[in-house]
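These come from TrEMBL:
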type: DOMAIN; residues: 44-457; note: domain 'Amino acid transporter transmembrane'
type: REGION; residues: 1-24; note: region 'Disordered'
type: TRANSMEM; residues: 41-65; note: transmembrane segment
type: TRANSMEM; residues: 71-96; note: transmembrane segment
type: TRANSMEM; residues: 121-144; note: transmembrane segment
type: TRANSMEM; residues: 182-199; note: transmembrane segment
type: TRANSMEM; residues: 211-232; note: transmembrane segment
type: TRANSMEM; residues: 252-271; note: transmembrane segment
type: TRANSMEM; residues: 291-310; note: transmembrane segment
type: TRANSMEM; residues: 340-357; note: transmembrane segment
type: TRANSMEM; residues: 378-397; note: transmembrane segment
type: TRANSMEM; residues: 403-426; note: transmembrane segment
type: TRANSMEM; residues: 438-457; note: transmembrane segment
Amino acid sequence: MTIGDITPKKERKSRRSKHVVDDTAPLLPKRQDEDAGYDEFNGASFTGAVFNLSTTVVGAGIMALPATMKVLGLILGIAMIIFMAFLTDASIEFLLRFSRAGKTTSYGSLMGDAFGKYGRIFLQICVLVNNIGVLIVYMIIIAYDGLLVLEGDVLSGTSSSGVHHAGVLEGWFGEHWWNGRTFVLIVTTLGIFSPLACFKRIDSLRFTSALSVALAVVFLVITVGIAIIKLISGTIMMPRLLPDVTDLTSFWRLFTVVPVLVTAYICHYNVHSIDNELEDSTQIKPVVRTALALCSTVYIMTSFFGFLLFGDSTLDDVLANFDTDLGIPYGSLLNDAVRVSYAAHLMLVFPIVFYPLRLNMDGLLFPSARPLALSNMRFAFTTVGLITLIFLGANFIPSIWDAFQFTGATAAVCLGFIFPAAVTLRDRHSIATKKDKILAIFMIVLAVFSNVVAVYSDAYAMFKKNSVTEPTA
């Protein structure tokens, strides 16, 4: 049943026996068929859906947001966070409305309805590029050399320029073979990622998603507490409110934060999956808005207090700042608490991002096959293959900042804004208003312009850095 189906209330409340197979959509059936051997499922709750969507949103991007305040200043930075939340809500509303009109049950089938087979394939490729990139970054942060300035792993530590930087485990227990990077990554993959990736319903992740959000709040509470203590003691000053624009280069640099903001709000690839499992599909819009409101609150407070705490010393990944002396009692303990809670948070975000990755990979490889949930062999091989690919990829991306700007400037922007806007402008079912089309054009222009500038700025900065570090003859 699609969002727009008009059915009696009793039928809407009991859709578990209805089996939907969309050969063009890499999504699970809306309800698991009892005859197929699955437990009875009465539909996902509102709260579980909010936690799952919120966890999709609040990933690693939260740690890059305080750095955007350093570029934009508090006023413009917070305004941009709020603006991107409203723009994300509008883009998701486009997806839901045109899915209802076309009776489609997935993002892929919506693109197929609007642009045909190649539109669906392009969408699936973008989900693969974006989600594989994001999950590789998660592994890097947790147990490999992923912190650009910190030069140390969250858990295991690393060596750079001949100087060893201890991770949390090494700091606690000393240097051993079992707290080295490779072993930590293997244990995390086999002991946490793999089991959580085996669920066939996204609603099964609601409890881990709730815990993931709680761990993000733990980081926020610690940051707020430290900032208030240091503010009362007079050891920190009020941060800059407006951007510091002194020349053309600093002006162009303002646009480089847009990919980070776009990446922070990407959740579009999970909206249909969550909607398909809702007990009452009319709740999907309140679910989306509640999740966006929750995430925006966390983002604003993290950005404000993170920038307040570290000021112009805020690093590209604020987690790196928690490897320094905080100048308060028990500062080392609080540093470890922040890093461990954040690593645990990302471990629980992993399966919610992996879920649509597996579905779209299966849909790309087997577009006419029966739903993935009904084929244990396909499900197992796809899961193992993707986790192996992500595990190997985590060994080759050294910079979290560069990784986020890359995904934000390409696939993530397509998923979040360009594709929903393109579907609206295509308007295959003639339901778009003039206002919708104007907003859609604005989304595309903003996304393309901002990311072209961001890619140019990043390339220029890397070229300039390399030219400075090259030895002279």
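Yeah, the Cβs are placed from backbone N, Cα and C, and that goes for glycine too.
Here the structure is a predicted model, which means the values were calculated and not measured.
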Q | Closest-packing stretch to the transmembrane segment (121-144), where packing means Cβ pairs under 8 Å, from 41-65, 182-199, 252-271, 340-357, 438-457 | A | 340-357
**Q.** Residues of the parent chain within Cβ reach of the transmembrane segment (211-232), under 8 Å, 6 or more residues beyond its termini
**A.** 51, 54-55, 58, 62, 294, 298, 301-302, 305-306, 308-309, 326-328, 334, 337-338, 341-342, 344-345, 348-349, 352
Q) Per the 3+ Cβ pairs under 8 Å rule, pairs at least 6 apart in sequence, do the transmembrane segment (340-357) and the transmembrane segment (41-65) touch? A) yes
Q: Examine the transmembrane segment (252-271) against the transmembrane segment (378-397) and state whether at least 3 Cβ pairs sit under 8 A, considering only residue pairs 6 or more apart.
A: no
Q | Stretch with greatest number of CB pairs under 8 Å, the transmembrane segment (438-457) reference, 41-65, 71-96, 291-310, 378-397 candidates | A | 71-96
**Q.** Remote residues contacting the transmembrane segment (71-96) - C-beta distance under 8 A, at least 6 residues beyond either end
**A.** 3, 65, 107, 110, 239-244, 253-254, 256-257, 261-262, 264-265, 267-268, 271-272, 275, 284-285, 288-289, 292-293, 295-296, 299-300, 303-304, 307, 416-417, 420-421, 423-424, 436, 439-440, 443
Q | Cβ contacts under 8 Å made by the transmembrane segment (291-310) with residues that lie 6+ beyond its boundaries | A | 50, 53-54, 57-58, 62, 65-66, 68-70, 74, 77-78, 81-82, 85, 88-89, 213, 216-217, 219-220, 223-224, 226-227, 230-231, 236, 238-239, 264-265, 267, 318, 321
